[in-house]
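*Asks:* First, the structure itself, so that you have it in front of you.
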Amino acid sequence: MSQSYINVIGAGLAGSEAAYQIAERGIPVKLYEMRGVKSTPQHKTDNFAELVCSNSLRGDALTNAVGLLKEEMRRLGSVILESAEATRVPAGGALAVDRDGFSQMVTEKVVNHPLIEVVRDEITELPTDVITVVATGPLTSDALAEKIHALNNGDGFYFYDAAAPIIDVNTIDMSKVYLKSRYDKGEAAYLNAPMTKQEFMDFHEALVNAEEAPLNSFEKEKYFEGCMPIEVMAKRGIKTMLYGPMKPVGLEYPDDYTGPRDGEFKTPYAVVQLRQDNAAGSLYNIVGFQTHLKWGEQKRVFQMIPGLENAEFVRYGVMHRNSYMDSPNLLEQTYRSKKQPNLFFAGQMTGVEGYVESAASGLVAGINAARLFKEESEVIFPETTAIGSLAHYITHADSKHFQPMNVNFGIIKELEGERIRDKKARYEKIAERALADLEEFLTV
């Protein structure tokens, strides 16, 4: 394949990472991004790597699978992780970022790279004669989605996910909330709105009866568990919320708390957490409260949360449809297409779920596209690593039941020998092995 550059289509997390990895290997890149010419319903800016759901990149500890994945990516020179570290905001044991600052930094690093040419245009055909990384994301334009659909054996895979509302911090009644991270992990980074049992029951009742925005009648409601609307959780039952986003464990009342409580209990019946959304600390999002309620209903129901009675919503929650491919049948473990060998795919459309996972897939696809360009053999990362196990999972899962997957220790190759019973100790060992295997892999 004679060519002088590689195409990357889409400048989200995966596309930005792929383009950067290719350029860092000395190969010119044409990076196509349609925003600026054509917008999507969910994106608010024309910046690259815009975060449309939460501003959290989740746990940072190596005993957390996504924490391990991030450490592997750091060692591989990820531009997404570098930008995230530079724009992080307080979030306890998690890595959360200033939403706008993060995407602005990624944009600047990519746009200013001497080997990356940014083309603001919509691509409607899949190239056949140029090595191309397709990373158009779950919000792929209709024209290109049709071409991918044809590659996808005509099967339409999709699910819905949603974003949580964002609130002006100056409109939160601080006398009714308290600052704390769960189990006092890291710095006190979350505002916590405690509820008594009666307050929770009233809130739950209002939530399950609130009016949702309509879906297209021909589409079934299929949600990804990690980004499920709060009203859908509520309809599954009270325990789903109390063991999920409103879990009170580790969020005891502070000693100076004077608000309502159930008797002498030290822990609230339920807690709503709010997380800082920007570096200035002027915006907070309601953690785990992705929603598809009508905007008026969001205001009515969420203002029942203690401290949010007069809250001003800077952005209401929204829901969008995400599409993904039949990766077990269509992709190699290198993220290369089995059907059209000049193509690589990356990001959520491949069935990896989550910001970090999307960027990781872009990193691997970019490395392998660069290797193909140089006529070198592509690389498959070890299944003992988080980055390798994710690629293995999406390309080896049962196609009939394939659904998007977050990175987790369950998909990473088991440790040899007798199973370590203590979960933390087991995860530490898995992480230790992963980083050692990655180091060895990179030196071969």
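Just so it is clear, glycine is given a Cβ too, placed from its N, Cα and C backbone atoms.
Pulled from Swiss-Prot, these are the listed features:
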type    : residues                                 : note
BINDING : GLY10, ALA11, GLY12, LEU13, ALA14, GLY15 : FAD binding site
*Asks:* When you measure from the Cβ of GLY10 (FAD binding site), how many other Cβ atoms are you left with inside 10 Å?
*Replies:* 30
*Asks:* Using the Cβ center of GLY10, ALA11, GLY12, LEU13, ALA14, GLY15 as the FAD site position, which other residues in that chain lie within 8 Å, going by their Cβ?
*Replies:* VAL8, SER16, GLU17, ALA18, PHE48, ALA49, ALA135, THR136, GLY137, ALA346, GLY347, SER358, GLY362
*Asks:* Which residues does ALA11 (FAD binding site) neighbour through Cβ under 8 Å, counting only same-chain ones at least six apart?
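*Replies:* Expected: ALA19, LEU31, TYR32, GLU33, ARG35, PHE48, ALA49, THR107, VAL110, VAL118.
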*Asks:* Counting all other Cβ atoms within 10 Å across every protein chain shown, which of the binding-site residues LEU13, ALA14 scores highest?
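*Replies:* Answer returned by the neighbour count: ALA14.
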*Asks:* Tell me which residues of the chain lie with their Cβ under 8 angstroms from that of GLY15 (FAD binding site), as long as they are six or more apart in sequence?
*Replies:* VAL8, ILE9, LEU31, GLU33, PHE48, VAL133, ALA135, THR136, GLY137, ALA346, GLY347, GLY362
*Asks:* Cβ distance under 8 Å to GLY12 (FAD binding site), same chain, sequence separation 6 or more: which residues?
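*Replies:* Listed in sequence order: PHE48, ALA49, GLU50, ALA135, THR136, GLY137, GLY347, SER358.
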